[in-house]
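In TrEMBL this protein carries:
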- 40-135: domain 'CUB' (DOMAIN)
- 142-249: domain 'CUB' (DOMAIN)
- 261-279: disulfide bond (DISULFID)
- 273-288: disulfide bond (DISULFID)
- 290-302: disulfide bond (DISULFID)
- 297-315: disulfide bond (DISULFID)
- 309-324: disulfide bond (DISULFID)
- 326-338: disulfide bond (DISULFID)
- 333-351: disulfide bond (DISULFID)
- 345-360: disulfide bond (DISULFID)
- 368-380: disulfide bond (DISULFID)
- 388-403: disulfide bond (DISULFID)
- 415-569: domain 'Peptidase S1' (DOMAIN)
């Protein structure tokens, strides 16, 4: 393979052209090389890299790092399945940032590829580093005969992007008398301008029905012991593709010991009628008898009572928000009930859930409810948020114990949005690295041995076993990625405990614990954050701080930041 040609439209691109032309190794055929964009890249740039492989080989382009402006109308990288910038041969156009858990890898259909970088006249970002190599063309083969009671298969190259102009067919056959079920754990086959119902370009076809776009919960079953799956990609725009598993099942009992969703998914019976759409089609929430802690919607759905009158149409018919106005001389309990204002803090449970006695100024011992604060001596008091307020409300003083968490040695009065934080300003912030891949997720110190992070960070994919403690490193006291300070401590992880009820679809219970391999010495730059009691009340409108090395706005694409940032929301 050789670096065949470089085009440039501005003088700055000449720097790389000179580098390649003066490097003898790049004039010969070889197996591996890299392409680097400027760091940061210049404004008003239009650079093209033209790559060519040997006959009988295809090109593999792997973006090791990728950080562009997150608006593709301004800055973008575009990859073509050709030597010229033909709109009919665009493989992908990308901007923003991709993390190590989302590899950006493309493979050509032939032995040529074109990479373009286009930037506007505003803002500079780090750019990208890409590794390219040639691989045998027949390594891109796909399809085949699948037998046995269960197994897995993926689109070509997954989790890398599939190639253009491909057709693959898998034929699944299980034992006679059984049926076949295919569950797509990942399904990403989107293309600009294609309506999901048409699926005229890239698609998966099963039982004459085509699927495309982004499918979160796709399950397809057969009526016989055979199933044929056809994958097709056209000449333009590729995606990550799919990962699927198949299994044989007894037609009379498709979900042993589980609930059978209308879309053929199987979910735990414990999730039936819990108020959440676990199936993806809400079939697990139909024909339910509401429990005492649930609200009966007018459309027969059951929703948790604490969702009533929260300003959100959880029922779908707004019936959970209709009975929400109390009279002028009344106040609302947390269960939605309206009682006289005079009944609040009268040492009686008039609401029925104890919430009328949970936020009082005068501290008294009351019967324990889900809203009352429990002291270490198992007595409950009616004061709202009594812990660490400087007043000993519990008889055993436990509400004022362990109050040295959450202290910050560095404080600033100004309000910032996505601004660089001072070193040590947020001493509980942790950077979690996948070994060899850099920063992947954030975590918080909660003791000298334990960290808390998100459960979605420790879910396996086909490439990395994120649930295995051995793949992770924790950096505490870190301020700038890639720059270890004197106070930075690196630790391996001993074990990971994700929440047992984490839901990958709804992201409920998205929390996990990580135990450090050995205790860390706490200091002014490594200090635990406070964990609130379950009864702690967070009033609406209260400001919170968001910290980390990632996104700086809600709902926005992740922006790569080497320096630790914080933002008030």
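Each Cβ is built from the backbone N, Cα and C atoms, and glycine gets one as well.
TrEMBL labels come from automatic prediction, so no person has curated them.
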Exercise for the section: Summarise the model confidence on the domain 'CUB' (40-135) as a single mean pLDDT, whole number. Expected result: 86
Fill in the blank from the handout: Taking DSSP helix as H, G and I and strand as E and B, the domain 'CUB' (40-135) has 3 helix, 49 strand, 44 coil
Handout entry: Cβ neighbour count (within 10 Å, all chains shown) around residue 302 (disulfide bond)
Key = 20
Fill in the blank from the handout: Across the domain 'CUB' (142-249), DSSP yields 0 helix, 58 strand, 50 coil
Fill in the blank from the handout: As a whole number of Å, the Cα atom of residue 326 (disulfide bond) is distant from the Cα atom of residue 309 (disulfide bond) by 11
Handout entry: For residue 351 (disulfide bond), the one of 279, 288, 309, 388 that lies nearest, given that the disulfide-bonded residues are compared by Cα
Key = 309
Completion exercise
Smallest Cα-Cα separation from residue 388 (disulfide bond) among the disulfide-bonded residues 297, 309, 324, 360, 368 is shown by 360
Practice task
Would you mind ranking the disulfide-bonded residues 288, 324, 360 by how many other Cβ atoms sit within 10 Å of each Cβ and giving me the lowest?
Solution key: 324
Fill in the blank from the handout: Looking only at the disulfide-bonded residues 261, 333, 368, residue 324 (disulfide bond) has its closest CA neighbour at 333
Fill in the blank from the handout: By the 10 Å Cβ-neighbour count, the most surrounded of the disulfide-bonded residues 261, 290 is 261
Completion exercise
Of the disulfide-bonded residues 290, 302, 309, 345, 403, within 10 Å of residue 273 (disulfide bond) (CA to CA), in sequence order, we find 290, 302
Exercise for the section: Quick one: pull the CA-CA distance for residue 345 (disulfide bond) versus residue 333 (disulfide bond), whole Å only. Expected result: 12
Practice task
Going by Cα-Cα distance, pick out whichever of the disulfide-bonded residues 261, 290, 302, 368 is nearest to residue 315 (disulfide bond).
Solution key: 302
